[in-house]
Amino acid sequence: MGEWDLLGRLLDKVQSHSTVIGKVWLTVLFVFRILVLRTGADRVWGDEQSDFVCNTQQPGCENVCYDLAFPISHVRFWFLQIIAVATPKLLYLGHVLHVIHAEKKMKERMKKQAELDDQTNLFLRKAYKVPKYTKSSGKISIRGRLLRSYVYHLVAKIILEVLFIVGQYFLYGFTLDTRYVCTRFPCPHKVDCFLSRPTEKSVIIWFMLVAAFVSLFLSLVELFYLCVKAAKECMARRQDYTVTPVTPPLLARKSFKSHKEVFQNCVNEPASPENNMEEVHI
């Protein structure tokens, strides 16, 4: 199935921009959900409607009873579930690629600024932002906007996972019965319908359900881990910004100039010995 290969390539790209727990979540998604759905579930549910037999010859009765027992096929339901829980991850990948592109352009501007004279280059470096998400090794640092985006995508995954688990329970429960009783029109009376291989199908249902709960648990653990990490970084920044409240002398306060004023003096005023002496005094 080509759509699975495309989804696999996209999620493999996301893996390089995720936490360790996020990489484990992707492994669970690939091995315990997509792989089982591709190899086992398709074969087991290949005969679901053809082998759904009812003890009546009334035309249309079997189709109506099958629709009542299974409003949506299990395989298609799990397919929608995997697509839904993977979509927030793909949206996060789009944000990461946007940040990488923006900081790549920023690095190119800084490289052009480096060709200017040293004094002007010093002030321009202070005026522009420096890349803070991409490391020298090319990896992404999950912080700031990326951290918020990562947390949002985790919350969306958790909500979608819970909704699909609850939806599966209300649609057809977590086990399959051998016999289904149907009284829908156009069935002439109470009709007994029988399902093929209910035990084997119930085993796969429980397997996919356990995989969904493991995925939900990993998302909750990852969300807790990121919240603790963000709290520690916030406390560390507060300690770094804490300074001793010492009032500077009056002369130092009068002679203080902002970086913008110094830059304007360097640009507008011609170089002279008096200006040089003033700058040395500052």
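We number each residue from 1, going along the chain as drawn.
Positions of Cβ are set from backbone N, Cα and C atoms, glycine also.
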Return whether the side of the membrane given for S73 in Swiss-Prot is the same as that given for R238.
no
Integer mean pLDDT for the topological domain 'Extracellular' (172-203):
87
Among 77-99, 149-171, 204-226, point out the range having the most Cβ pairs under 8 angstroms from the transmembrane segment (14-36).
204-226
Who are the long-range neighbours of the topological domain 'Extracellular' (172-203) in its own chain, taking Cβ under 8 Å and residues 6 or more past its ends?
44-45, 47-48, 51-56, 58-62, 64-66, 68-71, 74, 209
